[in-house]
Amino acid sequence: MLQQVNGHNPDSDAQSGKSLREDLQEFLGREAPLHQLDDLTKVNPVTLETVLRCLQARYMADTFYTNAGCTLVALNPFKPIPQLYLPELMREYHTAPQPQKLKPHVFSVGEQTYRNVKSLIEPVNQSIVVSGESGAGKTWTSRCLMKFYAVVAASPTSWESHKIAERIEQRILNSNPVMEAFGNACTLRNNNSSRFGKFIQLQLNRAQQMTGAAVQTYLLEKTRVACQASSERNFHIFYQVCKGASEDERLQWHLPKGAAFSWLPNPERNLEEDCFEVTREAMLHLGIDTPTQNNIFKVRKKAMPHTFGRDNRPLS
């Protein structure tokens, strides 16, 4: 005769385990393709294996967004998918009567929070938490949300208001390359890893038109300036300055050609994020003029000591 131990019946546990395995085999052997499941709440039974198999099937079908109730799961495709973020697609989600019935997308989340503000008599602040491990795509997702709001919340009627909205939109979008240049770095898992946290606040008036934005940063990985893990790099801005400075700027900032810096490992790697001109142009749009930029880059140069020539002897 079987006895209960600590309130558990071994026979009952064995039956439950057998039932779970049967349910699992039935789910994985179903006729409907797994990639068609656009919401993980439809997965039954909910186990680590069934969830991962469903996400894997959608990933293999180039479907990178999946709902999980009120949460959106985003998979990093590790390749450009430009058609997934076209302005036409933004407008489709913005004008849809029920955007939640469209395919899962970051634009659907953005539109839902925007409508929550519009539908309330007394507007309540809405928040979107973008979280994930390194390389998951947090920076890209935040960039997409900012672009979406810049488009849908900038539709004023008067020409003067339209120009104001355009200027705000451009400043919001130009803040990204500046933050990424000074706060992102190439790591083992991600070529453009954010080494800081950020809280981005978009400000709307009572007509739900964008009137401003504020960005707060915190927990910057300052130690990366002087210490980088093997095969990783320092912040992008240092490499941008070294690779993109003109001859006159090199003389002014004491950056001789062919110099190597002990705090700038792996300079031979050429990344899309190494474009100095993009950062400088974005800084100009944000109101940081050329003389101020030069002063900033002089400070950056002072953070790169121990300059050596090709023969590994100090240059100065």
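Going from the start of the chain as shown, residues are counted 1 onward.
Just so you know, glycine gets a Cβ as well, placed from its N, Cα and C.
Listed in TrEMBL for this protein:
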DOMAIN    35-316  domain 'Myosin motor'
BINDING   Gly132, Glu133, Ser134, Gly135, Ala136, Gly137, Lys138, Thr139  ATP binding site
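Positions of the features from TrEMBL, shown on the structure.
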| residue | record | Cβ contacts under 8 Å, 6 or more apart |
| --- | --- | --- |
| Gly132 | ATP binding site | Ala74, Lys138 |
| Glu133 | ATP binding site | none |
| Ser134 | ATP binding site | Thr187, Arg189, Asn190, Ser193 |
| Gly135 | ATP binding site | Asn76, Thr187, Arg189, Asn190, Ser193 |
| Ala136 | ATP binding site | Ala74, Asn76 |
| Gly137 | ATP binding site | Ala74, Leu75, Asn76 |
| Thr139 | ATP binding site | Glu180, Asn184, Asn192, Ser193, Ser194 |
Taken over the domain 'Myosin motor' (35-316), the model's mean pLDDT:
87
If you take the centroid of the Cβ atoms of Gly132, Glu133, Ser134, Gly135, Ala136, Gly137, Lys138, Thr139, the listed ATP site, which other residues of that chain have their Cβ within 8 Å of it?
Asn76, Asn190, Ser193
Other than its own, how many Cβ atoms are within 10 Å of the Cβ belonging to Lys138 (ATP binding site)?
20
